[in-house]
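Per TrEMBL, the features are as follows:
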TRANSMEM  23-47  transmembrane segment
TRANSMEM  67-89  transmembrane segment
TRANSMEM  109-130  transmembrane segment
TRANSMEM  136-157  transmembrane segment
TRANSMEM  169-199  transmembrane segment
Amino acid sequence: MKQEDLVKEIASIRNLMEKSSKFISISGISSVLIGTYALLGAAYAYYEVYGFDSQMGYRDHYVNEPLIIMKLLTTAILVLIASIFTGVYMAIKKAKANRQNIWNTTSRALLFAMAVPLCTGGLFAIIAIFKENYAVVSSILLIFYGLALTAGSHYTFSEIKGLGILEIVLGLLALLFPGNGIIFWALGFGVLHIIYGVIVHKKYE
């Protein structure tokens, strides 16, 4: 066997091992769509709170108003549901195209690794809302989402670790600049997701 053939064989084996040990059914297009949902949700939230023709010179409402809280929570839940549905649907579609089983040892490990920080962050955010600490909710969600991504990065594309770190940084910045939660939400869950999705799509799809 020639050296070139040996190198190709080793590369092929390495590629197969990579596919078996990594969950690669995450779709770049789904990440772009999820980011778009987040931006639309953030735009609506911004409109509800600040308005486009504020009579107060700064904002029309405050996030501690019951009606605004209900609207923001409803928007967040709708964005979450749409994101989960899109992510799962596109992952199943990609797995079928690659003739892979979406529910395997690797995907279960990925789900478990991300579930702990996601559930913790979700409960933390709910507690903050009940305690009326609305200013930290965006930071909590960004930081714990970033922790979930870094925890799950071992089981999927390496780029997801960088995304996670950037989410954490944005969450910390949101703590430093209170009152700008909607903007940091849009940057973290919207813009970064779209950029990540484009990178994954171009590199792997």
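Here the Cβ of each residue, glycine as well, is placed from N, Cα and C on the backbone.
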Best-contacting stretch, by C-beta pairs under 8 Å, relative to the transmembrane segment (23-47) and drawn from 109-130, 136-157, 169-199: 169-199
Contacting positions for the transmembrane segment (136-157) when only residues 6+ beyond its ends and CB under 8 Å are counted: 21-24, 26, 106-107, 109-110, 113-118, 120-122, 124-125, 128-129, 163-172, 174-175, 178, 181-182, 184-185, 188-189, 200, 204
Same-chain residues near the transmembrane segment (169-199), Cβ under 8 Å, at least 6 residues beyond its ends: 27-36, 38-39, 42-43, 45-46, 49, 63, 79, 134-146, 159-160, 163
